[in-house]
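Taken verbatim from TrEMBL:
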TRANSMEM  C:33-55  transmembrane segment
DOMAIN    C:201-409  domain 'ABC transmembrane type-1'
TRANSMEM  C:205-227  transmembrane segment
TRANSMEM  C:233-251  transmembrane segment
TRANSMEM  C:291-311  transmembrane segment
TRANSMEM  C:336-357  transmembrane segment
TRANSMEM  C:364-382  transmembrane segment
TRANSMEM  C:388-409  transmembrane segment
Amino acid sequence: MEPFAQFKNVQKSYDGETLVVKDFNLDISPGEFVTLLGPSGSGKTTCLMMMAGFETPTHGEILLQGSPINSLPPHKRGIGMVFQNYALFPHMSIAENLAFPLEVRGLSKAETEEKVAKALSMVQLTGFEGRRPAQLSGGQQQRVALARALVFDPKLVLMDEPLGALDKNLREEMQLEIKHIHEQLNVPMIYVTHDQAEALTMSDRIAVFNDGVVQQLATPDVLYEAPENAFVAQFVGENNRFIGDVVSLDADRCQVKVNGDSVIDCLPVAVTENGNHSTLSIRPERVVINPDEGSFPNIFEAEVKDVIYLGDHLRTRVSVCGNGDFVVKTPNAGGNGALKRGQKVRVGWSLTDCRALDA
Amino acid sequence: MKSMKLTTGKTLAGIVGLSLAAAAAQADTLNIVSWGGAYTASQQKAYHEPWMEQTGDEIVNIDRSANGLAGLRAQAQAGNITWDLVDMLPANAMIACDEGLIEPIDHDTLLKAAPDGTPPTEDFIDGSLTECFIPQIVYSNVIGFNSDAFPEDNQPFLMEDVFDVENFPGKRALQKAPINNLEWALVADGVPVEDVYDVLETEEGVQRAFAKLDTIKDHVIWWEEGAQPPQLLADGEVAFASAYNGRLFNAAVNEGQPFEIIWDNQVFELDGWVVPVGKMDKVRDYLEFATDTQRLADQAKYISYGPARESSAARVSTHAETGVDMKPHMPTYGPNFATAIQKNDAFWADYGDELSQRFNAWLAR
Amino acid sequence: MTQNDMGQAPVLTTADGLPLKTSLMRTTRRHRIRAFLLVAPLLLFLVVAFVLPILDMLKRSIENPEVHNHMSRTVEALEGWDGESIPDEPVFAALVQDLVEGGEARTIGTVASRLNYEASGMRSLIMKTSRRAGRIEEGPYKAAVIDIDEDWADVDTWRLIERESDPFTLSYYLSAVDMRYDAEGNIVDQPDYLKIHNALFIRTFWMSAAITGLCLVLGYPIAFLLANTPLRYSNLLMILVLLPFWTSLLVRTTTWIAILQQQGVLNDLLVGIGLISTDNRLQMIYNKTGTMVAMTHILLPFMILPLYSVMKTIPPHYMHAARSLGARPFLAFRRVYFPLTIPGIGAGSILVFILSIGYYITPALVGGQSGIFITNFIAYHMQTSLNWGLAAAIASILLFVVIAFYLVYNRVIGVDNVKLG
């Protein structure tokens, strides 16, 4: 299938000295929800602005439905956008805000009214037509912004950290609502956020940005289960790290010596030869405390530093193989809350759950 | 604590009092209000400097005579009179005197007799001494022109020429007030000099004067400060300018400007001192000195205004810096004086308000 | 909640039974006293330097004490006069007594000045009669006074004195709007040749409006640039905008004289490049053009600063949003950006307009005859004609008009919508 929108070798520099976006490539399929995830300053918002037309690529091409749009002004692109602070026009009522994109397109009054009413009902704000944005709560304003970006049936919708200003509960509610609307309308969306949980919840695919470069572009499960480098492993989800040197390497198994004496068996992902420096990544929920002898290739002595009770699960911080900050997450299945600080335990994990990544 | 405060207070008051008394015995500061520019400079040279040298007094010049009457009224209303002596025109002096803002003056007691013993009331120009007013000079409102503005064989010399924009093209700078302009309009229109004020008292006369001014209205730039007309002439902005004759003289003699004076139908009047109420004791000695025969004659060394004392007129000699003979530049010099108009203060005291408003309305039209 | 509900609601009390309001007042008293002490100096200053002078001005515009105070006997004797015939002997006797006493006390001059505003010639009539009245040894006074000046046999003279005997008068206000009392005491228009103030009021308002418009047109783009340029450039720009504030008003005004006069820089330039011939040098100063140019220059910062402070608070998102929603740049500006700057436009315009109405130095220096404002006449009546009552009346009218403008503005735009910074 031909991609709906494309970034092709896009580079962006503001000062002619440094690149904020280095060789960005992304194909977006029709109806796809793609998230650009990364810490602030990683170049993700710049990419979004280039798609919207507010920034011009220094190099490379951006295509929409197959045709380049580099020199097309923003108002001719037909792209809906939701801004971080909503950007609702404060001097217009909610209905006027929603009618704005329709009016500038010269729609008839009746058609405008109908579409506005439909969009408002979609975000469950029917009856708020005459209010001013300042009279609405943050969540309601967010819905209006969303409705406004959708009301004119855009080809593509861009969202720039739209939920950043909301509190946790509301944010989660809105994530589902946006997801729901996306499924309903089946319009492709590009979503920018620095919140990995949000990205995992909502996206079809996620592009993880760091330092102007896409570190990994993959579906949420692949990103979480099989991060390709240390940055992705660290940024997406919780992660335990060891740093060491490769001492033996096969096709599907390698051994890494950490902290001078401990040797850990792991899956080679980004190591190529003996002596390579490597970062090992183990998800906390994949570690087992006091496993049966011989059940895992990796079983080590550990000392409990503290145990945090979190309701549905327990976080046990232990010191193992010289790593004093190693976290083990265990589901609260009852009867396993007996660990005490200072207690000696064994921890173990499988080979495939321990990924040997780049240094 | 309390007693100490009291003592300190008393001591302070004592010191202040003592120093004030000492200052009074030694030297005074006189705040003298005058017209500024070349005129104040001539007073500084002829009166102030010799007086300060003689007594150690300090004299502060305040250039506020243009609004002298307003200042006197405001200070009297505020109950805080800071001016000690004011240089003023006789018409305003009359109003100030009627309103009790200034001291009445007994001229023969206050002022010095002429060197030959003639009492002041006989020595000063006839009729120039009024109830509260001591004249210093006779000055004149004249029209000056820039001789470069006209060909050598066609230089203006009559008042009619000023109103003749055909033969003497160029802008005219006139004072933004009805005084002088109405008189000149009438004489230029053929009214004999001696009938000017009688005609102006009639509605037809006023209409006639304004009608004549209408003929040059589009060619006029109106000035408000005495320093403006010489500047406008020098800049070439105007060809003619009405001005005080002394200012034109100074620009011509001191700065070498090519200015000439049309003496025809000059409007002359006096200018002199008035004493704000309550200040007589402070300025008595200065006034006696500054209005004696020699001082008035000295002033004429610096500016071409005629002394108001006949005994001084005889002593007028040459310009202090350039040595120019001053007599031909005086308003009272025979040939200059032939067609002169004496300003009628009583007329302007009565009709000034209305004619000013009418003049302003005419200007705005 | 209605009034009734409020009345029936129980009084809330604190735990120890004090009414809640009293308790609250007590706990915040110290705070309120401190707040008051902090504003007290300014309050005092405003009362002394602003409120009292304005009240004094309003009083002066209607007070008329001269005849009432200094000719009190005559005024008393005139009570019951029919207003049709020459008054009788007692009135003349009172007049002589007033004039003689007033002459000695030097108070009669103010009466003479006052009456002369109403009818030319009254000054000399009063002063002459005052000087000679002392020589009238005994009655009958009527004949003696009429002998001094036969204007005393004119009923209009007496009508004028009677009319002006009221300690308060409207005549200054009438004069300020080109009207007057006629000899019979009816309010009539001034004759055309004395009409001046109304035309000047109108000119002041329309020229101030034009200057405000010019400031807006010139200032808006600059404010926009200032608000949307990176800091290091906008600082420099801001200095350029504020530069006029650091130069004296007179210097700025006289600079315009040097530039705009007929022998000035601009005309020289135009002649130099052959656009006009030297005989046709443009008259750009000492007329309305001069006033407009110089005042716009002087008042421009007062427009730019409020505009800038409002534009600075408008995030770029709004324009981006409008563009992304499909609006062309100009439409996005007109529908979104411009309406958001209205508070700044309102603030700047009201500031410039009111300042402009009150300016008089600049019009006096560069306005010539056609470019002066009504304020120049306030100054004229203060300093030259010395008719302070008339000056106060004109100034009061100006004050009322500004207040009226403000109220209308408040109605239309709303003062809450004005942002000064």
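Quick reminder: no glycine exception, Cβ is built from N, Cα and C everywhere.
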Report task. Would you mind listing the long-range same-chain contacts of the transmembrane segment (C:205-227), meaning Cβ under 8 Å and 6+ residues beyond its ends? Result -> 234, 237-238, 241, 288, 291-292, 295-296, 299-300, 302-304, 307-308, 311-312, 314, 341, 344-345, 348-349, 352-353, 356-357, 371, 373, 401
Report summary line: With the greatest number of Cβ pairs under 8 Å to the transmembrane segment (C:291-311), the stretch among C:33-55, C:336-357, C:364-382, C:388-409 is C:336-357
Report summary line: Sequence-distant contacts of the transmembrane segment (C:364-382), meaning Cβ under 8 Å and at least 6 residues beyond its ends, amount to 196-197, 200-201, 203-204, 207-208, 250, 253-254, 256-257, 260, 285-294, 357-358, 388, 390-391, 394-395, 398
Requested in this report: Would you kindly list the residues that approach the transmembrane segment (C:33-55) from elsewhere in its chain, counting only those six or more residues past its ends and only Cβ-Cβ distances under 8 Å?
Outcome: 399
